[in-house]
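J.: Before I ask anything, here is the structure I am working with.
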C-alpha cells in the first residue's frame, strides 16, 4: 500500500500527505477484500452444493436466479438476515453475542498478507506467514466462547473438541510451512512467491520430494484447522447434533457459516502461495492482471479438493484424529524440515 | 413429564456425566432414548428407554379379523413390510392348513427378497450417514427408488403394501413387472461394487468400524440375536436354509458369514459386510425366481372368510432384521384370541448395553447403526 | 499533522490494553476475566508493532492467545461449579491502600517528566525477523539450546502428570 | 428328539412337576408347575442331548380359563428340535420365577410380560415397565382391562 500511495501522489499530485493517504488506502483495500471474500464465500457455498449434488447423482440448486440456480446463496443470505435471531434465555449473553464476531475477525484477518498479484497485496508484512498462523488462533477463542456462551451441554462438548483439535493441528501446519519458508529464505509472502519464479518445476511443491510431502501435510492439517471432513468432529451431526453453533440462528449463524468458507479459501490460498507458486504462471513470470487469475485458479482447485474429500470420506473419531495429528503428521513434518535443510546443503538451492 | 425412575445408585460416581441421547437424535434410527453414563469420552453404561412408538399392535390384533390385521403388520418394521406380512400370513395359513398355488409362492419370494434388498439399502445408507459420509445414502436411495416403482406397479403403494393376504396375494403381477425386475436384477450387481468402492473399502470407515462393538457368538445365541447380527458373529444360521419355509429350498443361494476380515469376528464391520453380501444373494434368488415363475390364478386359495380352527402356532420367518416370530392363538372365531410378535430388533436392542461398555460416544452411534434397528418393530 | 494518525492509533491500543487489564482484575465473573485477557494480549501485540518489533508481536499473539489463553479457558471451564463462585473479595483497609497507590503514582509521574528522553530521529523500520534469526543461531546459540531442553523437560513432565494413573485402581 | 421323547425325558427328571403334555396339536406343548420352571429351563439348556440354547419367544397370555399363562418357546440350534413350555398362574397374584440367568434375553421379554400382563417374575434384576410409561395404571393386554380415565391430568380418549 505504501508504494501505491507514493505512486498516486507523484502522478496525480494529490495534496494529501503520505502518512494519511496510505492508512486510508489500507482501509479501502480492507473493505474491498472484505466484500470480495464475502462474495467469494457465497460463491463457494453455491459451488459446494453443486459439487456435492453432482457427486451424489443429483442436480443441486437449479431454480433460484436462472442458470443452475446461481443466486441460491444470495437468497439464503437474505433469508438468514431476515430470520429471527434467537438468543437462548440461559445463555451467557455477552459471550454468546461476541463469539461470531471473534470467529469472523479471526478468519478474515488472514487475508491481509495474501498476495494476489505482483503489487496487488494489502500490506506485505515482513513476518507475513507467521502473522497468518498467529491470527487464525483467534478462531479457537471464538469457538470456545460460542460453546460456553450457549450454555448447552452438546455445544460445550463440541467447543472443547474443536479447541483441542485446532491447537494440536497448529503444530503440523506451522512445521510444514517452516519447510517452505526455509526454501524461500524469507517470511514475507511476496518474497516467497518471488523465490518460486521460473516455471512449474521451481514451485516449492515440486522442487524436492520433502517439500512435496510438506505440501501434503499442510493440506491435511489445514483441513483439520478449518473443521472439514474427515476432521469435522466438532460439528459431528450424528453425535453432537451441531457442535458449538447448535444454539445459533439467523444472522449470527450466517457469520459462522461465512467464516468457515472464508477460512477454507484462506487456507487454500496460503497453500497456493507457498507451495504452488502464488501468482506465478506455470511457465514463469505472469503479468499483474493474470497473476490474480492464477492465484484464484490454484486456490479454487484446492478448495474443490476439500469439497471432494468432504463428500466421499467418512468422519474420524476424536482419538484417531489426535493420533494422526501428534503421531503421524508432526513427526513427518519434522522429517520434511530436516530433509529440506539437507537438500539445500547438498544442492546449494532451495 | 418427570419420570418416576428408580436410579440404581450403585455406580453413579460424582464426576460421571449422564448424557441423554434421544428420543429426538439424528442417529438413533427412530424414537429411542439412550441414557449414557460417560466418563469424559468413554461410555461406562447405557440404559435404553423404549416405548415412545408403542401403538398397541397386539391389542388391536385381538379386536380385528385376521385380514384386517395385515395392514398393521406393515407398520411394524416399515422398512420391510412385505416380510412382516409374510411372517403373519404363513402363521395363520399353517393353522388353517391352506396350500397356496405355485404362482403365489413365487410372487411372495420375489417380492420379499426385493424388500430385503430395499431394507439393506436403507441400513447401508444410514450407516454411512452415522459414520459421517453423506454420499452413500443417495446412491442407496437411487436403487431403492427403482424397487419402489416396481412395488407401486404391483400393489399401488411404495412402502406399506397390504399385499400378501391369507391364502394368496392381493393383485397379480402387472405385465411390465417381469421386465422391470429382470432389468433391475441385471443392473444391481454393478451397483453393489459401487457401494463397496465408496464405503466398504474406505480406510477411515474400516478404522471406525473394525474392532468396535464386538458381539461374541455364544453371547449372540444366548441373547437369541438373529439375522445379519448373528451371521456377523460367525454363526451360519439362516431360516431360509436351515428351516426352509415357502419354496426357499428350490433356489440356490449361500449364506454369507462374518469372518473378521478387517478386525475380530462379530465387529461392526462384519455385520455391515454381511448385509452387503446378503443383497447379492437376494439378487440371485430373485433372478432364479423370475425365470421359473409359472402361470396361475393368484386368488384361487383365498378363503371367503378366514376362520382358523381352535389352536395355536409359533411360526418363524427370516426378515432383513432377523427372525420374526409370530405366535397366533385362535379360538375358532374370525378374530385371533392372541397374537404375540417376537421382533428381532427388540432382541438386538437388548444386546446394545453389552456392546457399548467401554466404547466412545462416536462408537455408540456406530454400534446402533450396525445392529440396524427400526423402532416401529421394537415398540410394536 | 504528520504523526497525528499514528498517535491516535497508539492511544487506542494503549486504551484497549489498560481497560481490558482492568476488566481482568475487577470483573466479578471469572469467565469474563478470562475472555477479556484476549483483548489485553491483542493490545500488547499492537504496542509491540509500534516499537517496530513485528516478529515479537506475531509471537505474542501466537503463543499467548493461541496457547496460554486456551489453556486458561480450559482450566476455568473444566473446574466444577466455577460460574457461581464469587471472586470479588471485600474491601479492607481501603484508606491506607489509596495512600500507598497515590504515592507510587506520583513518584512515577515525577520520573517520567523529570528525565530527558533523547528523541531519536524516526529510524526507518528495519525488519527484525532476519536479525533475530541470525543472533539466535550464532551468538545466543547456547541459551537457545538450553531453553529448548527446558521446554522438553516441561513437556514430558506435564504429560506424565496428566496421564490418568490407571494403576491406582480407579478403574473399579 | 421328537416332542414326546423330550416330554419323557423331563418326566424322568422332574416327575410330577411336569403336569401335562399335548402332542397331536400343531404346536406340541408341555405344562410345567410354576415353581419348577427355572430348574426345568436350566436343565433344558445344559442337558447334552437337549441343549435348548436359544429362547425363541417368551409371551404372556390371558388364558380363557381365567388363569394367566407364560409360554416359553425354546429351540436347540445343535439338535434342530424345539418345544413349547407353558406355566399356569392364578390371576390374583401371578408370580413366576425368572429364567433371566438361563437366557439373558428373558430379561426384556419378562419385563414386557410384566408390563402387558402384570405377571411378576421373582428374582428379576430390573423389573420395570418397558413399553408403557412407568406410572401407567393397569396391564393393557389383560382381557378385563379398562383404560384409566385420566393420565397425569390428560383425558385418555379411547
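Including glycine, each Cβ sits where the backbone N, Cα and C put it.
Automatic, uncurated: that is what TrEMBL annotation is.
Note that this is a predicted model, so its numbers are computed, not measured.
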J.: Name the residue range among A:129-148, A:149-168, A:229-248 that TrEMBL annotates as transmembrane segment.
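T.: Result: A:129-148 is the stretch TrEMBL calls transmembrane segment.
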J.: Same chain only, please: residues at least 6 beyond the ends of the transmembrane segment (A:129-148) with a C-beta under 8 Å from a C-beta of the stretch. Say none if there are none.
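T.: Beyond its ends, the transmembrane segment (A:129-148) has Cβ neighbours at 92, 95-96, 98-107, 109-110, 112-114, 155-160, 162-163, 166-167, 170, 173-174, 177, 181, 187, 189, 192, 225, 234, 244-245, 248, 256, 259, 263, 266, 270, 274.
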J.: Which stretch, A:169-188, A:200-221, A:261-281, A:287-309, A:321-346, tops the Cβ pairs under 8 Å count with the transmembrane segment (A:20-46)?
T.: A:261-281
J.: For the transmembrane segment (A:95-117), I need the partner stretch with the highest count of C-beta pairs below 8 angstroms, choosing only from A:169-188, A:200-221, A:287-309, A:321-346.
T.: A:287-309
J.: For the transmembrane segment (A:200-221), give me same-chain residues lying six or more residues beyond its boundaries with a C-beta closer than 8 angstroms to one of its C-beta atoms, as numbers and ranges.
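T.: Contacts with the transmembrane segment (A:200-221): 169, 172-173, 175-177, 179-180, 183-184, 271, 274-277, 280, 282-284, 302, 305, 325, 329, 332-333, 335-337, 339-340, 343, 347, 350.
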